Structure formats: C-alpha cells, structure tokens
Amino acid sequence: MTEPVNVTVTGAAGQIGYALLFRIAAGEMLGADVPVRLRLLEIPAAVRAAEGTAMELDDCAFGTLAGVDIFDDPVKAFEGANVGLLVGARPRGAGMERADLLEANGGIFGPQGRAINDGAASDVRVLVVGNPANTNALIASAHAPDVPAERFTAMTRLDHNRALSQVAARTGTPVSRISGLTIWGNHSATQYPDLFHATVGDVPGAEVAADREWLTDTFIPTVAKRGAAIIEARGASSAASAANAAIEHVRDWTRGTREGDWTSAGVYSHGEYGVPEGLVSSFPVTSAGGDWQIVEGLEIDEFSRGRIDASVAELAAERDAVRSLGLI
Ligand code: NAI
C-alpha cells in the first residue's frame, strides 16, 4: 500500500473543519486511491469536540482514511505534514481594532509557520483559509525560512467560485462553459473579480463586462460581499462552500488545473502585474500538478488596473502593519 499523505488541519472542530474533514477522508482532495492520515489541531478547549468529529470519521469507515490524530500543540500537529490546511484563526471580536486582530493572528500563524518549518515534510504545501488569509499566509511563511515562500498560499477559490456562479446566473451559461475568470488581490471586500479575459460560452467576457452598470454595481459587490450575505441569510458563515473551495484549491495544486483554464489563488508575488514582491496576492494561476504558475501576459486595462491597485494597496498596508507590530 502507498504511504499515507499526512494532512494537518487546524481549527478542526470549527464549522469549516466539520464540512472539510469528511471530504478529505473520502479521497475528494488528493484522489480516491490516495490514503490520508489526518492530523487535527485545535485549542485545548475544543479538543473534545475534535474527538467527537474523529469518532464520526471512524464511523464512516472510509477506505482512504489511514488514521486520525488530535493535537493541541502545533509542533506535534505539523510533524511530517505534507499538506497543511490552516483554517483556525482569531475572529474579529466586538470593538476589536485591526491591529489587535493582526496581532492575535500573528500569535497563531507565527508559531504554526515555525512548526511547519521545523517539522513538516520537505514537500509541504500550505493553504491558509483563516482570515485575514493573505496576511496570515505571509506571517506563517515569514516564520518558515527553510520552506519556499511559494508553498504558502491563501484561499481565494471561494471568491472565484462565487464569481463563476454569478456569471453563470447572469448569462444562463453552465459553469462548465465559463473559463478565464480571475480574482485579484486580497480576500476581502477590495478583491477584484475580473471578467475581461474570460470566455462565457462562446462570448468573450469583455462583452459581458460591457454592461458597466451591472459590472460595477452588481457583479463586483455581489462577489465581494457574498460572505456577509450568507451570514445574514443563514445566521452562520459560509462553511460548506469554503470547505469545498479549500478542497478544490489543494486538488488543483497537487493534481493540476483544468486544461485550457486557470483558477485563482493567493500566491507569493515575484512582482508579477506590478504587485510588490513578497505579498501573498490573488492571481490567475495554473498548476500542472505540484506548483502554481502565475498566468502571465494578460493585458490589464485602466479599469482593472485601478481595482487591482486598490486591493494590492490594502495588502501592502496589512504587511506594513504586521511588520510594525514585529510579527514578520
Ligand atoms: P469557527 O469559529 O467555526 O472555527 C474556528 C476553529 O478554529 C475553532 O474550533 C477554534 O477553536 C479553532 N482555533 C482557534 N485558534 C486556533 C489555533 N490557534 N489553533 C488551532 N485551532 C484554533 O470558524 P469557521 O467558520 O470554521 O472559519 C474559520 C476561518 O475561516 C475564519 O477565520 C473565517 O473568517 C475563515 N474563512 C475564510 C474564507 C476564505 O475564503 N478564505 C471563507 C470562509 C471563512
């Protein structure tokens, strides 16, 4: 039997964790023929709840699940990790300032980055889901100098999927016939869902985007504020769709993106499209199964340039804030 892949999931007893673990264990992320060993990390107060989830995982009797271990210490949880899904984060509490939020998350993602550096497998790939995801990825990476910065990524796949579904609904085109959509920048309200390089059925995305009123007043804000709309409707945040996006991100990263298409992911910038080097920003990316490649050479018009620059400026401000707090 092949050696199991070690997948460490933080925040395992949370909402996203509950929607995520069963699908990973069923082979939906790494493949139906790839055995998986889950390593769950929680804070001590939630370890018992994680144990309950582990009991349910046992009860599914998944053929691909080689074992489940639970930890409250990141050093142990990341030992031998091939994939790290960093979901647990500190949510913004009432009256909490941005600096407090960044500092609290620095206290989580700094030590986790160090634990990955010191104990993870040499092929470790990290997806940060916990918000502020891009900057948390930057913090974790800064504490893992021996791991290539390209291996720390932030999730914008949910935004990408939300954009796909909005375009599908607007044009009556099946999602499977839409390609070339991009989320640029930060996983926040400033993100820019870009239609200009898309193909929607047989129509260029630029034609769909020609209705500027729909583009600026409906499409872009609907995608960017979808998370808040779901909280308002469901009384809880988007967990199943976030878990689905995390699975698709790692699946495409490790097994390759769809032929003739790209997806979106928060990845390390080497300066592509004028995004300052070192930021973890969302870009159009492909993978042939192993490494994300930023799609280069897309023409960016003035409208898109302004939107991308605004979101990237927010990322740079977050980086400056964590730097001045001594977190990176
Ligand atoms: P949740 O509050 O249900 O679960 C979070 C879990 O993380 C809790 O069980 C908590 O005990 C655990 N946790 C907190 N600190 C931890 C630490 N230091 N180590 C290990 N575990 C820790 O939250 P939910 O709904 O599962 O969301 C998790 C995160 O994902 C949030 O930050 C949320 O904002 C973010 N999110 C990101 C999305 C994206 O597209 N990037 C989409 C949706 C959510």
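Going from the start of the chain as shown, residues are counted 1 onward.
From the backbone N, Cα and C atoms, a Cβ is placed for every residue, glycine too.
Confidence for the domain 'Lactate/malate dehydrogenase N-terminal' (6-145), expressed as mean pLDDT, is 97. Look at TrEMBL and you will find 6-145 tagged as domain 'Lactate/malate dehydrogenase N-terminal'.
Annotation note: Gly11 (NAD(+) binding site) sits in a coil segment as assigned by DSSP. Among the features that TrEMBL reports, NAD(+) binding site is placed at Gly11, Ala12, Ala13, Gly14, Gln15, Ile16, Gly17, Asn105, Gln112, Val129, Gly130, Asn131.
According to DSSP, Asn131 (substrate binding site) sits in a coil region rather than a helix or strand. The substrate binding site annotation in TrEMBL covers Arg92, Arg98, Asn131, Arg162.
The domain 'Lactate/malate dehydrogenase C-terminal' annotation in TrEMBL covers 156-321.
His187 (active site, proton acceptor) falls outside any helix or strand according to DSSP and counts as coil. Sequence-distant neighbours of His187 (active site, proton acceptor) (same chain, 6+ residues apart, CB-CB distance under 8 A): Asn131, Pro132, Ala133, Asn134, Ala154, Met155, Thr156, Asp159, Gly266, Ser282. Feature annotation from TrEMBL assigns active site, proton acceptor to His187.
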Cα proximity to Arg98 (substrate binding site), best match among binding-site residues Ala13, Gln15, Gly17, Gln112, Gly130: Gly130
Binding-site residues whose CB lies under 6 angstroms from ligand 1, from Arg92, Gln112, Gly130, Asn131: Gly130, Asn131
Binding-site residues: Arg92, Arg98, Arg162 - member with fewest neighbouring CB atoms within 10 Å: Arg98
Distance, Gly130 (NAD(+) binding site) to Arg92 (substrate binding site) (CA atoms, angstrom): 11
